[in-house]
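K.L.:
Have a look at this one.
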Amino acid sequence: MSESPKARVALLGPGSWGTALAIQLCRNGHQVRLWGHEAAQIEALKRDGENRQFLPGFRLPPTLIPTDSLDEALADATDCLVVVPSHAFRSVVSALHERLPSGMGIAWATKGLDSTSGQLLHTIAQECLGDRPLAVASGPSFALEVASGLPTAITVASATGSFAERIARLLHGDRFRAYTSSDMVGVEVCGAAKNVLAIATGIADGLGFGANTRAAIITRGLAELIRVGMALGGRTETFMGLAGIGDLVLTCTDNQSRNRRMGLALASGKGVREAMGEIGQEVEGVVTALAVHRLSTRLDIEMPISEQVYRVLYEGISPEQATKALLERDPKPEFG
Ligand SMILES: NC(=O)C1=CN([C@@H]2O[C@H](COP(=O)(O)OP(=O)(O)OC[C@H]3O[C@@H](n4cnc5c(N)ncnc54)[C@H](O)[C@@H]3O)[C@@H](O)[C@H]2O)C=CC1
Ligand SMILES: O=C(CO)COP(=O)(O)O
């Protein structure tokens, strides 16, 4: 992949992932304006020279300029990368409508569905911005490890091949491999569904079940993800790739995952609010569990593990009751 000319990137969302990606872009020689909607948070970034709230311990490079002005972030920007949580995606992207030059594309690294409609995020971007290039970046990538420069691989999917290549080139570096894909739907479904399954795995581990259970949830969870992903038009190879099995395994097996930690907390008897408060960051699987429940009901797709996570989060059943319900299901052919 040839090196890209130096870009000026408007990166929207100064959380842990936005900050890590901003650091990665600066490593590649690009300039970044990192926009956040809270003036106090941006002031703290400028004052501290690091993101103490979401990604402590990493100096912000001099080519990374924090700002709370969307206009300033976008002034002269060559590229725009959105990294806000899914619940804020629609409002942030609709604010771009009047500000983006016509024809300029946007990419996002948000994982989740639209929190009110359950739609995939490219549909929201199309609704808000009309016809322009869109791309989603996803894959197994904890912010802390990317900021630390540990080898990582992700995928950038777009229906516009040249736009996927452009965004991948911006991000790709010595220790950060950015592949490309044309399967936006598959990549978006994977990034959303895996968070719900990570909560399930956290619950199982928190209840003291073993390695067999964890492997079973990951594998049968993948089957659920594939069923819903195929129904929406995603491709099989995507589910077997970085955004699919790659991110599912990462998130289900490592305690850096906030979704997995949510499951562990629920299994220890904590309530959803208490656990979210302790984690202190976005736990995307919570709103996604509701969206996936609605989606699977509408499409009439069996997603038993995700459904039990939904019932624990929204119907107040206990993790033990959810486990019992899963284990009592009738045996059936593994495939088909
Ligand atoms: N942290 C990670 O390792 C990774 C996170 N992601 C995804 O990136 C997205 C962002 O997550 P994180 O940065 O980890 O979250 P975070 O909890 O670290 O930070 C959230 C950020 O969103 C901002 N925000 C909250 N509400 C907002 C609103 N209404 N309008 C504008 N900004 C708002 C907050 O000010 C904060 O800067 C999520 O979809 C997550 O799934 C994807 C890959 C890795
Ligand atoms: O998406 C992620 C890593 O790829 C981060 O997962 P969590 O949101 O569960 O922390």
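Any Cβ shown, glycine's included, is placed from N, Cα and C.
TrEMBL annotations: computationally assigned, not manually curated.
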K.L.:
Check TrEMBL for me: it has Gly13, Pro14, Gly15, Ser16, Trp17, Gly18, Arg258 binding NAD(+), so pick out which one of Ala125, Ala143, Ala147 it puts in that same site.
P.N.:
Ala143
K.L.:
Return the residue out of Lys111, Lys324 that TrEMBL annotates for the same sn-glycerol 3-phosphate site as Gly139, Ser141, Lys194, Asp247, Ser257, Arg258, Asn259.
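P.N.:
That sn-glycerol 3-phosphate site, as TrEMBL gives it, pairs Gly139, Ser141, Lys194, Asp247, Ser257, Arg258, Asn259 with Lys111.
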K.L.:
Which binding-site residues, if any, among Ser16, Trp17, Lys111, Ala143, Asn259 have a Cβ under 6 Å from ligand 1, given in order along the chain?
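P.N.:
Correct list: Ser16, Trp17, Lys111, Ala143.
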K.L.:
Would you list the DSSP helix, strand and coil counts for the residues of the domain 'Glycerol-3-phosphate dehydrogenase NAD-dependent C-terminal' (183-323)?
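P.N.:
When I sort the residues of the domain 'Glycerol-3-phosphate dehydrogenase NAD-dependent C-terminal' (183-323) into the three classes, I find 110 helix, 0 strand, 31 coil.
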K.L.:
In whole Å, how far is Asn259 (substrate binding site) from Ala143 (NADPH binding site) when you measure between their Cα atoms?
P.N.:
14
K.L.:
Which recorded positions from the set Ser16, Trp17, Ala143, Lys194, Arg258, Asn259 have a C-beta atom lying less than 6 Å away from ligand 2?
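P.N.:
Correct list: Arg258, Asn259.
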K.L.:
Given the recorded positions Ser16, Trp17, His37, Lys111, Lys194, tell me which ones have a C-alpha lying within 10 Å of the C-alpha of Asn259 (substrate binding site).
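P.N.:
So far as Cα distances go, the recorded positions lying within 10 Å of Asn259 (substrate binding site) are Lys194.
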K.L.:
To see if you understand the setup: which same-chain residues, six or more apart in sequence, place their Cβ under 8 Å from that of Lys111 (NADPH binding site)?
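P.N.:
Correct list: Ser86, Ser138, Gly191, Ala192, Lys194, Asn195, Glu284.
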K.L.:
In sequence order, what residues of the same chain, 6+ apart, have a Cβ less than 8 Å from the Cβ of Trp17 (NADPH binding site)?
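P.N.:
Within the chain, Trp17 (NADPH binding site) has Cβ neighbours under 8 Å at Val83, Ala109, Ser141, Ala143.
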